[in-house]
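Student: Sharing a structure with you now.
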Amino acid sequence: MKQYLDLVQSILDQGAWQENRTGVRTLSLPGAALRFDLQQGFPAVTTKKLAFKSAIGEMVGFLRATRSAAQFRALGCKVWDQNANENEQWLANPYREGPDDLGPVYGVQWRHWPAYKLLPSSAGGQVADALARGYRQVAEVDENGAPHVLLYKAVDQLRQCLDTIRQSPGDRRILFHGWNWAQIEEMALPPCHLLYQFLPNAGTREISLCLYIRSNDVGLGTPFNLTEGAALLHLVGRLTGYKPRWFSYFIGDAHVYENHLPMLREQLAREPYPAPQLVLSDRIPDFAVTGKYEPQWLEQVEPGDFTLSGYQHHAPLTAPMAV
């Protein structure tokens, strides 16, 4: 995957040293972008062995709104163990609900975003509209001396994206995100990959994805997040009847940890292999074949439903994760 190596080299050439919360310095480069044509292959790093099963396990956990490191481990992903149980700041957080708890991270926001409306009790039309949209009244409160009603519902952002792809593919607002200011302090780690926008084309029957990541550990996180984003696009395409096409990957703070430099320099010395192909299990219904819309498969997929075909890679390389 030459694009990945080019990004690493750009950070080494143009990045500036910064201190950060982890205590391990980073070479950081503001504003970076990668773009992949998924018809030409899957964006798997080949200059070391990709932890594919772990990355897919994490993605499946997100789709199931997982908030426990134990549940991620059961899916074959151990990357949350340290953040859940070894981060001193999180261990002292009053919102932590015991061992392995992560708080309302990523998938909780994707699938169960807590939405509230505070409306004047006298605004009957507004209240009626909110109730018709699935909100329910949870309290009556006094706000600035006037009676109000508080209404709540959990928003499944990802399901709404799929519904819109099916019903209105020309819509340019088919997106979901995980940055919930009201709950950031309740999370073991605020979301890094935080905004996903789907771009279907009803004429070509192709679907593309733009992913924005506020902060990306290029040594360890980028290969993981590329895998998850591309796999998610393949899955959404399968469930809605579109072929995955362009995957655009934007990074706010692209950085390399100082103790990852030996691993990355070794990768730069290796020649990338051709891109593999992602294969989805026949268990997952293909809307283009069946004509049946089955969005419930968002939470029914298993890690074993995703495999790489023709994946060649160099020897594994490891580096410590900064927490």
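A Cβ is built for glycine as well, from the same backbone N, Cα and C atoms used for every other residue.
It should be emphasised that the depicted structure is a prediction, and the values quoted were computed from it without experimental measurement.
Below, the features straight out of Swiss-Prot:
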type: BINDING; residues: Arg21, Arg172, Arg173, Arg214, Ser215, Asn216, Asp217, Asn225, His255, Val256, Tyr257; note: dUMP binding site
type: ACT_SITE; residues: Cys192; note: active site, nucleophile
type: BINDING; residues: Asp217, Ala322; note: (6R)-5,10-methylene-5,6,7,8-tetrahydrofolate binding site
Student: So how many other Cβ atoms are close to Tyr257 (dUMP binding site), meaning within 10 Å of its Cβ?
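Tutor: Its Cβ has 22 other Cβ atoms within 10 Å.
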Student: Among the recorded positions listed here (Arg173, Cys192, Asp217, His255), which has the Cα closest to the Cα of Ala322 ((6R)-5,10-methylene-5,6,7,8-tetrahydrofolate binding site)?
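Tutor: Nearest listed residue in space: Asp217.
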Student: Among Arg21, Arg173, His255, the binding-site residues in question, whose Cβ has the most other Cβ atoms within 10 Å in this structure?
Tutor: His255
Student: Just the number: how many Å between the Cα atoms of Tyr257 (dUMP binding site) and Cys192 (active site, nucleophile)?
Tutor: 16
Student: Can you tell me how far the Cα of Cys192 (active site, nucleophile) sits from the Cα of Asp217 (dUMP binding site), in Å?
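Tutor: A Cα-Cα distance of 9 Å.
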Student: Look at each of the recorded positions, Cys192, Ala322, and point out the one with the fewest other Cβ atoms around it within 10 Å.
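Tutor: If we count Cβ atoms within 10 Å for the recorded positions Cys192, Ala322, the smallest count is at Cys192.
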Student: Pairwise over Arg21, Arg172, Arg173, Arg214, Ser215, Asn216, Asp217, Asn225, His255, Val256, Tyr257, annotated as binding dUMP, what's the top Cα to Cα distance to the nearest Å?
Tutor: 36
Student: Report the same-chain neighbours of Asp217 (dUMP binding site): residues 6+ apart in sequence with Cβ closer than 8 Å to its Cβ, ordered by sequence.
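Tutor: Sequence-distant Cβ neighbours: His255, Val256, Tyr257, His260, Met321, Ala322.
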Student: Should Ser215 (dUMP binding site) be counted as helix, strand, or coil on the basis of DSSP?
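Tutor: Its secondary structure by DSSP: strand.
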